[in-house]
Ligand code: PLP
């Protein structure tokens, strides 16, 4: 039997790796087998195409290319220029952005690039002008000391973690929380929705330099036009982190007020979540911030990863095809079908549903913590992650929520009827799991009781469900 190109490519690659370190080849093969078998509902994960994966595994990895397209600090970067320009051009076309910077290695890096571009524009440049010098090296010791203090004394307003915001939006365990004086806006306790009047009030009181929108666990759309008006009313730079929903923007599911690109001064994203590209980050902005953004390396980034930029170019080319819009719409349709299936069976959902790619189940409705629910589902072949819910009494470790998302299962081809089956499997597990106790009889937030026979039955049903939707059907590792 003659093998197709993708099977040949991956088989050959594994053979080459196996000759050096067979355990790595085995782990790569085992990872594919695991991914094929699990009902993956992690909202931030997806399955990149074979072309995207293959674009990463090559000699571009060996090249240093600090600088920007056509202006490098190293010789011999003409081929890196080609892929970086392709990735940036695809990103600009796809999102309608004036400028795209595709070097960030991840979402956290993209946010750091954006923060420092804003600080350079709003704090450093005025200080240089005032001192009548062109660059920081020309400042006196006293002016440099004063500028460093000013850079470290700026304010950011972002969504609170328990309302669905991200650690990189000014929270203390992350560098952003150490850099900025941060304040959060939450969601309305009654509806779970962003209350724009409250955001405006917080902005008026706090007067942030940066207003951040974007989330990891908020199941609704955000109106970026209103957020921009709020930013403008207090002179803040408006930044949107669309890491989670970039695929929905690319696929034109989020348009008008819900498309961040026309409204924000600067937009950051990851490329590996709903956008379905390689692991990485990206920054989009208008011409005003472009020069500062392009200084991301060496400001906060090491040398770019040309192999990943090559894969970004491939994935962004895929996202520009008409079928990506259909894919993006199916992500949302599936999330809504999953939410409806869960609600019908009695689950409690934060905001009562979803209009994006994710659903947040408040598992306190099942008498469980997020930790207990996550493990019980995992025992049953369903991969999710626990997540805080607004005003979570169980904190960020145990939590009271389970976050689920549909980008990955939609890539496999599952649709509304499979989402209903998924809801049934999840509800079966959650409704039949009970909290466990510690050795001394006190209630545990981690231990749980679930009949192993039930877990096995659900695992089998989950794998039967997946068997009609093979993952990487074109890849046969033999
Ligand atoms: N921003 C948001 C909103 C995210 O959800 C995430 C990741 O979960 C990140 C940034 C960080 O992305 P990365 O893990 O690629 O650094």
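Every residue, even glycine, has its Cβ placed from backbone N, Cα and C.
Going by TrEMBL, these are the annotated features:
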BINDING   161, 165, 166, 167  (6S)-5,6,7,8-tetrahydrofolate binding site
DOMAIN    19-120  domain 'Serine hydroxymethyltransferase-like'
DOMAIN    153-425  domain 'Serine hydroxymethyltransferase-like'
MOD_RES   273  N6-(pyridoxal phosphate)lysine
SITE      272  site 'Plays an important role in substrate specificity'
Extra residues within 8 Å (Cβ to Cβ centroid of 161, 165, 166, 167), (6S)-5,6,7,8-tetrahydrofolate: 158, 159, 160, 164, 168, 169, 171, 215, 216
For residue 166 ((6S)-5,6,7,8-tetrahydrofolate binding site), the number of other Cβ atoms found within 10 Å of its own Cβ: 23
Most Cβ neighbours inside 10 Å, all chains, among the binding-site residues 161, 167: 161
Contacting recorded positions, sequence order - 161, 165, 166, 167, 273 vs ligand 1, Cβ under 6 Å: 166
For residue 272 (site 'Plays an important role in substrate specificity'), the number of other Cβ atoms found within 10 Å of its own Cβ: 26
Integer Å distance between the CA atoms belonging to residue 166 ((6S)-5,6,7,8-tetrahydrofolate binding site) and residue 272 (site 'Plays an important role in substrate specificity'): 16
Rounded distance in angstrom between the Cα atoms of residue 167 ((6S)-5,6,7,8-tetrahydrofolate binding site) and the residue listed as 'N6-(pyridoxal phosphate)lysine': 17
Distant-in-sequence Cβ neighbours of residue 165 ((6S)-5,6,7,8-tetrahydrofolate binding site), under 8 Å, six or more positions away: 158, 159, 171, 184, 212, 214, 215, 216, 218
